[in-house]
Amino acid sequence: MENSEGVKIESTVVTEEPLISALDIALFVVIITVAYFWYFKRDKQSSSSEKKPYTIQPSSLSSIEQTSNSSFIKKLRSTGRSLVVFYGSQTGTAEEFAGRIAKEGARYKMKGMVADPEECDMADLVEMKEIQKSLAIFCIATYGEGDPTDNAMDFYEWLQNGDADLEGLNYAVFGLGNKTYEHYNEIAIYIDQRLEELGATRVHEIGLGDDDANIEDDFVSWKEKLWESVCSHYGIEETGEESNIRQYKLVDCSEVLPERIFSGEISRLKSYENQRFPFDVKNPYLSKIAVNRELHKSGDRSCMHIEFDIDGSKMRYDTGDHVAVYPKNSSELVDKIGELLNADLDAVFSLLNTDEESSKKHPFPCPCTYRTALTYYLDITSNPRTHIMKELIEYASDPKDQEKLKLMASSTPEGKKEFHEWILRDNRNIVHILEDLPSVKPDLDHLCELLPRLQCRYYSISSSPKVYPKSIHITAVLVNYTTPTNRVNKGVATNLLAQLIPTNDELPQPTIPIYIRRSQFRLPPKSQTPIIMIGPGTGLAPFRGFIQERDYARKEGREIGEMVLYFGCRRKDEDFIYENELQEYVANGTLTKLHLAFSRDQPEKKYVTHLLEQNADELWNIIGEKSGHLYVCGDARSMAKDVHSIIVKVVMEKGQMTNSQALNYVKKMEQQKRYSADVWS
């Protein structure tokens, strides 16, 4: 009735007013004015962009060049190649493996290239069959909660949503994962199966690398069998011994102007001097350290509470996100390498890819000094892989050193045993190797080519943006331990952070590059939903943010659900971190229950898992009867697995289910994001 009356009244008004009202004229003028300015502004921008010269940083490609290089098929054809190795990498290992495979292709008359799927038009895979004896290999890591790496996301979605005809495509897949995580190598397994579903031919069975054990051994073993399958499939033979071919050539940059030399920037030259939003993995924000205080009350271990100042950065984070910290190597280790190799660390150089078709012109930002490369860009503290042992052989002048390197570089049982004991068990890094094999004197530029990139370190954010919108808090244990060779190894990031102490005077405050990595570790949408949090040690970090957020909601007058926290540490008087804060949240009602396990305060060890088993009724009441959420943060290798087993057991007993029904129930909780884990190994 109201609608019909409304229409009737409107029609009556129209008949009584003139054809063109003052309002119509005003609107017409506004539209013409907007169109005029839009047109001429666009024209002006277009004109100015045509006149603006393009500048390409030494370490990166311009967007135009990247676009023109998106067709890997054209590159294969123009350079007479038949092998392309794609990588999905978050930390650089998959990219390194891809490079090693592409390099070895020459031994089998298959000239290869490495390709980043993010920079390629992956639809071109349908054309691979037109290249004679072609092969596509995928080195793919699984990341987070069974997710593809950032650079493989588009390719993964293309496979999921598309139905391309890949008949004639020959392929093989090697996955990089960690068995302590539930979604072990899930992405690689999916890609391997999906390619077959789309008609492609699997040349060799999928390889599954386990980073919790010895992923290098897994890769080498798979790679050897891969080439056997390749030879059989294509009817080719190995051409002979592998030669160490340099991927990059040294360029003397002593005449380069100082303002064109990188000094630690991740991508853009002078990016730390001229900060530009948005901030991400290639453009981190140089944050001031606002607070750095010790959390442990006593003992010989250290746990730091650190606050990064993000005021004015426009950076935003959500409770449960991670912050990435870009570390740098200690000057002591860097100087030691210069001393061992008798090298001038302040010489300016560049490494230029010998493959002109590669989109990766440099292994790290160039030009720079050797000191900068070893400090900011190269990983000099991790255990080197076997291919580095192989490359170092030619630099050993002592036959004994040479034989030792040859043995560790080999794939024989004796070689694998020696590598495992001398490198992995004894925890030797490149500095230790050069010290213990004194006749090995590699060219420093070659060593810079061989070493992997120094990676940023991720920390669970231990604050809520509702309470701390201008700062990001982390909770970090100082890594410091003695190796079997009586050397002291120090965590790269935590030992750097330990030195960054803010001062009360007017001196410049210490800074460090950071960016925010989004997470799926989230509070329930409704503040009334009850939750259980299990976080021993620094696993408490994200839950500190959760509690702050719920406390904020309570103070606003909103209803909040039950919050139950399980926390454990060694001793109450030693490493009970944030004790006063937690007790205050219990007192004001935000934290419903606080279950504490101090493992060494009594003769028998007591852990949070023991408390979980004791509180089965409370556990089922929240996750079963009230459909609450359960969160786990901490060690993936033992704690998180034990928690999962206990949850399944509780669901069986209290929910009166069979083992398979309980497993399905827990699986459904995970799918509904009611059971979330933020764990590490």
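Any Cβ shown, glycine's included, is placed from N, Cα and C.
Feature annotations, courtesy of TrEMBL:
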BINDING   89-94, 141-144, 176-185, Asp211  FMN binding site
BINDING   Arg301, Thr538, Ser599, Arg600, Lys605, Lys606, Tyr607, Val608, Thr609, Asp642  NADP(+) binding site
BINDING   Arg457, Tyr458, Tyr459, Ser460, Thr475, Ala476, Val477, Tyr481, Gly491, Val492, Ala493, Thr494, Trp680  FAD binding site
DOMAIN    83-227  domain 'Flavodoxin-like'
DOMAIN    282-524  domain 'FAD-binding FR-type'
TRANSMEM  20-39  transmembrane segment
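Rounded to a whole value, the Cα-Cα separation of Lys605 (NADP(+) binding site) and Asn178 (FMN binding site) is 28 Å.
Thr609 (NADP(+) binding site) is surrounded by 20 other CB atoms, counting those within 10 A of its CB over all protein chains shown. Nearest in space to Ala493 (FAD binding site), taking C-alpha to C-alpha distance over the binding-site residues Ser89, Tyr184, Ser599, Thr609, is Ser89. Using Cα positions, the member of the binding-site residues Arg301, Arg457, Thr475 nearest to Tyr184 (FMN binding site) is identified as Arg457.
Cα separation, Ser89 (FMN binding site) to Arg457 (FAD binding site), rounded: 15 Å. Counted over all residue pairs in Arg301, Thr538, Ser599, Arg600, Lys605, Lys606, Tyr607, Val608, Thr609, Asp642, the record's binders of NADP(+), the longest Cα to Cα distance measures 26 angstrom. Most Cβ neighbours within 10 Å among the binding-site residues Ser89, Ser599: this distinction goes to Ser89. Applying an 8 A CB threshold to same-chain residues 6+ apart, the list for Trp680 (FAD binding site) reads Gly634, Asp635, Ala636. Averaged across the domain 'Flavodoxin-like' (83-227), pLDDT in this predicted model comes to 94. Our reading of the FAD binding annotation (Arg457, Tyr458, Tyr459, Ser460, Thr475, Ala476, Val477, Tyr481, Gly491, Val492, Ala493, Thr494, Trp680) yields a largest Cα to Cα distance of 23 angstrom. Secondary structure of the domain 'Flavodoxin-like' (83-227), assigned with DSSP and counted as helix (H, G, I), strand (E, B) and coil, comes to 65 helix, 35 strand, 45 coil. Thr475 (FAD binding site) sits 20 Å from Ser599 (NADP(+) binding site), taking the C-alpha atoms as the reference points.
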